[in-house]
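Student: I'd like to ask some things about the structure below.
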Amino acid sequence: MSDLESMTKEELIAELTKARAEVEQLEVNRAVSIALPPNLSALLYSISLDRLVEGIWIIDKDANTVFANKAIASMLGYTTQEMLGRHLFTFISEENIEECRKNILKRKRGIEEVHDFEFMSKAGQTVYTRISTFPILGEDEAYAGAVASLVDLSDLHLIQKQDQNNFENAPIGMAHIDLDGHFIKVNNQYCNLMGYSVEELKAETFLSMTYPDDRQGCVAYKDQILAGERRPKFIKRQISRNGEIIWVTLSLSVVNDSAGEPHHLIAALEDISEQKRSDMVLQARLKLMDFSFDHSLEEVLIKIVDVIEDLTNSQIGFHHFLSFDQKILTLQTWSTRTSMEVCKREGKDTVYSLESAGVWADCIRSKGPVVHNDYMSLLHKNGLPAGHAPLIRELVVPIIRNDKIVSVLGVGNKSTNYTDSDIETATFLADLAWDIIERKKVEEKLLLSEERFRSYFELGLIGMAIVDTDKKWIEINDKFCEIIGYNRKEIEKLTWPDFTHPDDIDKNKNLFEKMLSGELDSYTMDKRYIRKNGEVVYVSILTGCTRNNDGSLDYQIAHIMDITDRVKAEQEAEWNLKLNSTLAGLYPSLVAFEANLEETSEIILNEAIQITGSLFGNTLTIDEFGATVKACSNLTNDCAVLKNDTLLFSVAEDGTYPALWGHSLNTRKPFFSNNPVSHPKSKGLPYGHVKLTSYLSVPVLLGDKLVGQIAVANKPDGYSQQDVDAMMHIGSYYALAIQRVRSQTDLVASTELMENILDGIHAGILIIDPETKIIESINNVGLEMFCARKEQIIGQSCDIFCWRNTKGKIIKECPAAVSNLHESEFRIYRMNGISLPVSKTVLKNKVNGEDRLVEIIFDISKRKELERRLSLAQKLEAIGSLSAGIAHEINTPIQYLSDNLIFLSESFEQMSLALNKHKEICQPYNNPKCEEAFLFWKSIDMDYLLGEIPLALTQSLDGVERITRIVQAMKRFSHPGMDSKQMADINLALDNTATVCRSEWKYNSDIIFDLGPDLPLIPCFINDLNQAFLNILVNAAHAITSKVKGSDEKGTITIRTRFARPWIIIEIEDTGEGIPDEIMPKIFDPFFTTKEVGLGTGQGLTLCYSIITEKHGGTIEFSSEIGIGTKCTIKLPSEEV
């Protein structure tokens, strides 16, 4: 940039016109649109404007800001986003608004002009600018707004103000000289300026003290004045007595003699060295800032040293960084001249202590600039290392931030002594340099952060998408494309509602609208996508957002995880439970003494319709000759051609069954069709028959003998293989029921039927006398379930077992006494003392013609385990998302808190020294004022405060460190690791882990290793497994410590491993206190702990569960006995899964 403060208004207009021409080359002209199109040209235009040093400001016809580049935003203390949309008057003080109105009217009249104007920064400070404005005309030539180019004259204004004060208060050198340049007389100010006495000056000439390059111009200026020409002041350089160059302005006036001829001249010298220095410093500052935009941090560091070296007329320069503890120095760079011409010593990145640094480091010790104008005479210097340039004089300045020195910048070997001006120049530019350095560091960190995010985005572990406020895609990754089955080009034409399941759209849109309004910053939900091929995929999404400075939504970031397998597993478990309950519910009716074929068929039909969700159905039985003998249907009320008394189906002469209904009977195989009209075996429907939209039929087989058929129809969403499987199960029970009814007189057949059914559904069945509560019968499954022999049960009261409800309360009454129990959950204590969760249904029924209570018991331990694991998985997922957000939100304020506590602690040490020094000086016997201060000291117990405050600060720092560790654990919980698996030796890992935590177990425990010698190396995340082993071993050690505390006994921790393909089995068993039954289901829950406050976070076993099951596909289980100990069994796959 040109020297702005020395420009005339005409020159500045020319400079701004030139800048405007450069902008026009970037597609900016007078017809520029106010709403810039979001295309490449606009992007290049915006970037180009942002790189300009001048501020560029565009307003619309209503004076609202539509564009502001970084230069103008920085000038006014805003971001570009904060300025957008704001009215021009919000940046102007009240007293200047009227003038601004007038300027806008000029623009509306098409007037272009350059003028000075004062704006108000965000902090309320006045910003002085020189502004060049141009109106913008629309296509209809009407006024559409204005473009302004602004130059910040605040620094210049400050400098001019300072110069003016200096001019008013500082003396001006005056001298009378003859026409040959000899001094006639001089004033003291002139002598002080040049460093000569009056007598010494009379021996010199005016021209001899002029800098050689300026002598010719000085003579010409004198001749012009003598010729009567009116000339402005002449700027020249003077050489002072000590060789220092002084910039001055020279004004000459002629004194004529009585004849009117020139007699001598009066010279007025004004020292402008400081102004010149300011000019050069300001130019250097602008050049450095401009240089920093396009160069690396290392290049900027070198440039800074080069500039300060040139401005101080030095020959060498260097820059060191100082560590936060103020003890270690690191050489960052030499100046270009030093490294290439002067000094052979390289040493970049050399690290050494402050104690070993030479005299130049006195600036650190004194926290102020240091000048050594006679280095060789210094008594405390350390000397120079080999290869270092000879040192004559040096100037070193510290850069201070938050009362700590962050770096040191030095120059040396100026031909004359360093002055206060050199100190000021170096200090000013060094301070500016550090601001540039910090900005460059932030830029590089942001670039690195962006690269890391990009790597994570493209890694594709989960689907990720960035979406704008219009639900359009900004960016998507390959995993997301894989989840929904579309390629990138296809997705770009869609919005997320286009492939979201219709039943999930309203909920998703509601959450989206809440985020758009600012009510939510993130949300999670499970939803369904419809893939390109029509397949439904279940996903769990976590959506966060980024907002603009005004709080409006900028864009969303969605993390999408495919949970289809998990959902299907849950659905399958629910379906199996429903099917088992249905089959169990059939039992009393099927084995009832008075059951007949018609009632049995109706019961079977109702259950088949209910479990498949059908609207219609029928059952039929077939005699030994293949004829249909009994039929049952719920179609008789809706179908004109079907009546209960005529509901039989004919058989063809060849023994086959006609039409669609007979297809499963002919093939002896089940089938279903969701478009029965088009089925090859369909012969149409008789008039008056209900229309069939879907149809499922299964043959009822007893061995290979056909005994019946079950058919259902018109399921609203069509049939699937799952419906076929359910019907096959019901069909097998129907076959047994048909057989039983047909041999109803045969008690043995009934008994075999019961036992086959009960064994098939794995349900424990007890027959109980309702009057005496005596158990009369129990099946084999029941005996196995209770871990008892038949003679231990039969003839005993039904309260022989200990029952507890779901809340753990003991039920004293016999639960079988209540005949209306239906799938109620209990926990029963078996003969071996181990409890078992069960589901119990009690039905009142006839057995051999007498009223009996039938108690049906299902072992639901596997279901409970599945529910617990699903619940834990959901908790882990929720806590993972929560912990990631909490860790992110807590981390920044904790960093502030930690830094501030460190600052307060270190600052208080200095304050304490100062206060104690004050106490020593101000004793009660010195004077009354000191006595008053001393009494106040005692009244507030200052000695106690000086002793306790450092302790309080130390405890606060300990607390902050504790929080930081918890935050790091939370981060690890939400992001347990992304590194790849590697082959590792589990035996070695266990041995190493036991060694690492030896201090936890050595005092109260002994470790016994029983490691399998044939264990293969397995693929794993060994660091995570080490952490899991460590958590389990530490828990075992703590359990033993609690048990043997206060005695001389020691416990034992046994570590076993063995290989049982495809598993590596690890057992860690301790002889500690054991885990109570009521606590066992909660041990993997996040943040659940039984330890005292401060001794446990409740994350250890949760993390173990996540590492072993989710990251490695293994299992982890605990078994325990109170007072005996606990065993942890871990299974890890020996090969990649």
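The backbone N, Cα and C atoms fix where each Cβ goes, glycine too.
According to TrEMBL, the domain 'PAS' annotation covers 41-104, 167-229, 449-519. Annotated domain 'PAC' per TrEMBL: 228-284, 523-575, 822-872, in sequence order. Taken from TrEMBL, the feature domain 'Histidine kinase' applies to 885-1136.
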Student: Please give the average pLDDT for the domain 'PAS' (449-519) in this predicted model.
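Tutor: In the predicted model, the domain 'PAS' (449-519) has a mean pLDDT of 82.
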Student: Could you check if the domain 'PAS' (41-104) is in contact with the domain 'PAC' (523-575), meaning 3+ Cβ pairs under 8 Å among residue pairs at least 6 apart in sequence?
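Tutor: In contact, yes.
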Student: Could you count the residues of the domain 'PAS' (167-229) that DSSP puts in helix, in strand and in coil?
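Tutor: Helix/strand/coil tally for the domain 'PAS' (167-229): 33 helix, 13 strand, 17 coil.
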Student: When secondary structure is assigned with DSSP, how many helix, strand and coil residues does the domain 'PAC' (822-872) contain?
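Tutor: Counting residues per DSSP class in the domain 'PAC' (822-872), I get 12 helix, 29 strand, 10 coil.
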